[in-house]
Each structure stands twice: as C-alpha cells, then as structure tokens.
C-alpha cells in the first residue's frame, strides 16, 4: 500500500484524553523512519542510523564507521567473490578432469569454500535474514469458514489496496511477538502502541507499550531533519496512504529482534498511537506495517547501511493463497541464475519503485496504446492488481469474447466484473483453459525478451456464487490512472527480488516452499563436477 510523499508535521503523543473523544481530522502527510541497533564484533550496540553515537565508543571505531562505504564494500565484495568462484571453478574443473580422486575431492572442497566467501561472516553483506510469510486472515471471524473463495467480497471504498500476507517480529524486552503487514511500497515500519492510543484498531495482540519517555528519539536526531516538531524532545511521524487513511505517532528506542543463523539483531521502530480511515480495518488481524521500500529510512536500506546485509531483499508467496511463503533480507537466498531483471526508478511524486513496460497483452491482444510506455509497480501491500482504465476496458472486452459459455453477472458484487458460466465452477482450474494469460513485456536486453507473465489462475477469482471474477481493478480508483500495480493475487508462485544497489527488480517462477541459500555456480556445472568427483 503506497504512502504519499514525505513532507512535514505533526504533534507528539497526546496527553491523557477522555475515552471516546474524537480527534479532529486533518490532512496527514508522512514523515517516519526505522532505526536499527546491531551488536558489532565486540558485542557493543551501535545505532544503524546516524547519530546519536555512543559517547563511550572507542575513537578508532568511530573513524572506521565514518570512513566505511557499505554500498561500495558490498559491490567490491560481490565482484571479488565472483572472480574467486570462477577461478576456483576453472581449477576444480581441470583437477576433476586430469587428477586422481583425492585431488578432485580437494578441488571440490576448495570450490565450495571459495564460493561461500571463505567463511568470512564479517564481510559486508555477509548475513541474511529469513522470515516466514503467513496468509492474512480476512475480515470477519467466520469469513474463511463460510466461503469457498480465499478473497473477501469488496464493496465501495474497500477496493483500495490491502495486502494478503504478514510476518512476525518480536519487540521489547522481554520480547513479545507482533504481526506486521509486509508492504514493499511503504517507506517506514510502525506498530500500534499505547502512548496512550487515540485511535487504534483491535489488532492481533495487545497494544505495544513503549519504553519510558527517556527512550523517545529527540527531534535533533539526524534522521529527523526536515520535519517540524512542536516538542524538541521527540521525533514525530505522520503518514498518509493512497486510500486516504493515515497513521500518526512518535519514534521510540526499543529492541526489535530478527533471528538469523548467527544470532539476534536489534532495531528500533515507530510507535503509532493514532490510526484513521480504512487502515483501521486492515489492522483488525495484524499490529502494524513492515516497510520495505528502497528509501533511506526503510528496513532493508537501514540494515544495508550498516553492512549487515547486502542492499537486496525479496519475497516468495506460494501459488496456494492459504500456503504462505517467505521473506528474505540480504542476497543469500537470491537465485544467482535464471532470474529476469528489469531496471527500476523512483516515481516523481511518491518515491515508489517502478519499471517501464512497453506492451501489455491479453494473449495476443495488446491492451495499452501502441508506443506508449506504462509504469509498473510490484506491491506486496495490495491484494489485487490494478490496470489503467483504458487497458482494463480492453481486458474486460476481451474476457467477454473469450467464450459464449460465460455471461456477465452484475448481481455478483464480489468484484466489479464477474461472469457466470453455464456449468458448475468450483475452482479456477475448471475454467482457466478458456482464458489467456496476461503478459507485461519490458524492453529487451540485447536479444533476450523480458516478460512478466500472469496466468489466468493468477488474475481470476471464483466467488461464493461460483462465478468467475476478474482480480484486476481500475487504477483510477486509487489515484493511479497510468500505472499498473501488480498485487499479491498476481505475485504468487514467483520469487520477486529487489536489488537496491543495482536499481533492479527481478523474478523467477518458484513454488516458494523451500528457501535455500543460493549457489553462485550454475547447478548443471555443480552437478557435473560433483558427479566427476564421485
């Protein structure tokens, strides 16, 4: 779910108010961030953001921190690993072909060691975090039990984006679990809190209680620059989303823990005490939002700025909406081979990553205007996919002509466009053969085409009435009249990755059930060398 452009503002936590008192609504604009605290090799805790610094830290560590360039270090590290891996591959191949078994085995071990970077966990970008994704319960206590569809019926203003997946993080000391919506188009991470709370949703857990006021981030903090503050002792934030909803709160210092193979990592987060609009419905079963944009204040960028991970992350959602998936921070789980990559850039107004698509097709029918470039946003914070109005009209016309066995059913309000079949329909598998895939064609790289394919089962939904409904909506309803937003319904069954250093987004088909640390050596070469050794 996209947030609007950061500007300024806002009041701090309210004083104790009478229960039920309504706060006057005003235009809300975003200004928030995530700060991270991680233990270094000496187990001291340093903020991942800029100052305030630890006054007791050794001068040598400060100078080292100021001189370090994580992005440059990460790029050089990747290049070095690639060169060493290729050299080791050549050596191992030669030994396997011309040496005896002992030498071949030694070469294979050498190859594995070099590929893993020599086991140096201290190198920049040498760690990754793996978090599970869970399908988000839909609104209503018995909705899933009484519905044959895994998507909620939408009416009126509920057509705004709402993500399908959340992950779990632990916050505080002792740590307590909280559910956060995974949103690749949000710049900040925040959680509902009792500071006290002016307007909060029910949430999945009791409201987070922030530490003492001494743990408030001051307005003088470097990452708080550019915002107006009524109180110099705290850093406020105020975020507005595309659907008109908003979150207001304050920055607090507290530990948010991620678990990796080499232990815990700690970060700081935002305390949201005033939520307004449709956002209150979205947070009925979760506690906040995990922001994963490419901006300097997002979680992946903050982690990368400290050299904890490479500046890359991705997600993988199973094709079965009830199956979940996983989220990874860092590039250890990023496939080295077979990915399709396209360049991305920030939008002119909202700073949200978008790519340029040259052609949008339904089967062999072009939906966009010939020669007109269309922008594409991959948004895990949106359940459905959105097309520009002109492309959606052509798509609906094409679907109507797909088969005489389907007729439009205006009485079905599950989604704006539904069709009734002349035979019983229980799942998309019963009807997918009648429809053609959608394809987003990007500019070719050399002679190779780059296409993002959306199969019929990834844009069609079966309603409670057994009708076939279109999971592609009109982008003008959320303020995007010339942008395609690819939501969760069309992202399933693919590993989607974001490389913020290279400014690229990539994808590859996957069942998303078995995350593995990836090899830098093509699998067929590894198999050939391994078989030769055996």
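Along the chain as shown, residues are numbered 1 onward.
Each Cβ is built from the backbone N, Cα and C atoms, and glycine gets one as well.
The annotation compositional bias 'Polar residues' is assigned in TrEMBL to 1-10.
Residues annotated as region 'Disordered' in TrEMBL: 1-74.
Annotated compositional bias 'Acidic residues' per TrEMBL: 57-67, in sequence order.
Residues or ranges marked as domain 'Peptidase A1' by TrEMBL: 165-508.
Residues or ranges marked as active site by TrEMBL: 183 (among others).
Residues annotated as active site in TrEMBL: 379 (among others).
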Euclidean distance between Cα atoms of residue 183 (active site) and residue 379 (active site), Å: 7
Residue 379 (active site) CB neighbourhood, other CB atoms within 10 A: 25
Number of Cβ atoms other than its own within 10 Å, given for residue 183 (active site): 27
